[in-house]
Amino acid sequence: NAQTNAMTSQKNIQSRNWYLHDSQWVKFNDDEIVSTQNTFNENPKQTIADV
Amino acid sequence: MSLLPGLTDSNQATDLFVDANEVHKLVLKEETEWKVEIPSSSKLTITIRSGIAEIFGTELANDVEYTFSNWKISLSAVENVILEWKCPDIPNKDLMIEPNTTSKYVYNLHFGLEKMRNSSFNGPRILVVGNANSGKTTLCRTLCSYAIKFKSYQPLFINLNPHEGIFSPPGCLTATPISDILDVQSQTWGQSMTSGATELHSKQPIVKNFGLENISENRSLYWDNMNQLSNAVNERLQNDVIVQRSGCILNTPSLSDLDEEFNELVTIIDRFKVNIVVVLAEQDEFTLFEKVKETLRPYIGDFLIRLPKLSGRFEADDAYKRSLQRTAIKEYFYGTPKTILSPYASGADFEEITVWKPINMVEAQGTTSTSNPLQLLPVTVDASTLQHALVAISYADRKSSSSEVQKASILGFGLITEVNEKKRKIRILLPVPGRLPNKAMILTSYRYLE
Ligand SMILES: Nc1ncnc2c1ncn2[C@@H]1O[C@H](COP(=O)(O)OP(=O)(O)OP(=O)(O)O)[C@@H](O)[C@H]1O
Ligand SMILES: [Mg+2]
């Protein structure tokens, strides 16, 4: 239907995330964001900015 | 095809029509590089058909169309390369193709660093110094690219040059683990974290906002930001085995921006535990190299190497550097043609925002505010101060004291697009959808207009 067509043709609209707080960044591990690591992980860990 | 009005010579019209969209074939011999300056508001597309071609150390995939604009790049042929290119504003004659005379030094340096990575849990921490336009940033970008090419290392790239926006807007000191491929089409090396899946990998930098245009405008503030960054870097290295093993690559401002006695280099070496220094200098700059060597020898011994200035480099003038800064701001909010970002416009009343700014010691000479150079000064909200301004948004709450704001982490940046003094409202462009966070903001010296 028209709505589904509109949705499938919509570009992948993205925005930037906030930077992590220093205290989060020092504990962060980039394996979280390297795609090959999460291929088989159902619930990949996702650190987001602690605003 | 119709003739353009006024043209009577049909041959002339044919030439015009053909050149605009003509795809040119170019063969580059191994160990040569093609230096190309893309005029602003023009686009160069390149497709590699065979062979290995690199830009700043990142290989271009075959049969993929890459687009470059407003940039001076040099495409290096690692093997014989056949490529196709198209740009209406670049004539297909007198192309600057020269032998790449410095690539062997860069490879040797890279292999030296690899040996160090393979033989220790503490990876090499290499500081790159040199005069303006000697190729420091290019060398850093290339070493980062090579480090991750064959092994899954994650070197920490540390940018101590606030004039360059790398994974951030300009005016920042940053540290970013290079955990995956860099975006060869991005002047800022790639994107920092975005929502949703991206074709290319995003990075997670730590960003310290210096915010002034020149280090000389507040050296104490520059050093304070450097200290905050080094504290975070050292803690991350303790917590992150892969990054520690991969080591650090440090980019510096031109030597002319630092003090003549190189005391500041000594402080950097101490804070970031640097164990190798590379000086980009020509043979005839022997005195410079000797002076650096003598000053730094007590701290790094013989791990001081001279490399000649990179052969692909251009003399970049101030106007070009300003255009790079502009692109860095644009890429933060809008992304790149491959990764389009949608920033969010928000509104706020004058009464809802608190803005600070760092002291410009050069401007403030003779006034009382020079007593504590790290002090933040309150900013009156009006069009003359804030219109088109890039502002850093702090993690510190809006009601925080200036000293709390000065020490706090940075959430991100906003761009004040409109200041309506009559309605006492501002419009601000934000990278993340939602209301303007109830946080303190810090005015930078950077302005951006469409
Ligand atoms: N090998 C190369 N390939 C392509 N472009 C290069 C290369 N080396 C340098 N350049 C270009 O030459 C200019 C100067 O190089 P670069 O920015 O690396 O110098 P720099 O020492 O970092 O300068 P600054 O002191 O201003 O930071 C830049 O415009 C850059 O794009
Ligand atoms: Mg540089």
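Glycine is treated like the rest: Cβ placed from N, Cα and C.
Quick look at what TrEMBL annotates:
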BINDING   B:Glu33, B:Asn133, B:Ser134, B:Gly135, B:Lys136, B:Thr137, B:Thr138  ATP binding site
DOMAIN    B:28-119  domain 'Clp1 N-terminal'
DOMAIN    B:130-335  domain 'Clp1 P-loop'
DOMAIN    B:341-450  domain 'Clp1 C-terminal'
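Features as recorded by TrEMBL, highlighted on the structure.
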{"residue": "B:Glu33", "record": "ATP binding site", "DSSP (3 states)": "strand"}
{"residue": "B:Asn133", "record": "ATP binding site", "DSSP (3 states)": "coil"}
{"residue": "B:Thr138", "record": "ATP binding site", "DSSP (3 states)": "helix"}
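Residues B:Glu33, B:Asn133, B:Ser134, B:Gly135, B:Lys136, B:Thr137, B:Thr138 are the ones the record ties to ATP, and the longest Cα gap between any two of them is 18 Å. For chain A, the nearby binding-site residues by a Cβ gap under 8 A number none, drawn from B:Asn133, B:Lys136, B:Thr137. Sequence-distant contacts of B:Asn133 (ATP binding site), defined by Cβ-Cβ distance under 8 angstroms and a gap of at least six in the same chain, are B:Ser254, B:Lys309, B:Arg313, B:Phe314, B:Glu315, B:Ala316. Helix, strand and coil content of the domain 'Clp1 C-terminal' (B:341-450), in residues and according to DSSP, is 16 helix, 49 strand, 45 coil. B:Ser134 (ATP binding site) counts 23 other C-beta atoms within 10 Å of its own C-beta, drawing on all protein chains shown. In this structure, B:Lys136 are the binding-site residues from B:Glu33, B:Lys136, B:Thr138 whose C-beta falls under 6 Å of some atom of ligand 2. All chains included, 23 other C-beta atoms sit within 10 angstroms of the C-beta of B:Thr137 (ATP binding site). Residue counts for the domain 'Clp1 N-terminal' (B:28-119) under DSSP, split into helix (H, G, I), strand (E, B) and coil, are 17 helix, 42 strand, 33 coil. The Cβ of B:Lys136 (ATP binding site) lies under 8 Å from the Cβ of B:Val128, B:Val129, B:Gly130, B:Asn161, B:Asn251, B:Thr252, B:Leu280, each on the same chain and at least six residues away in sequence.
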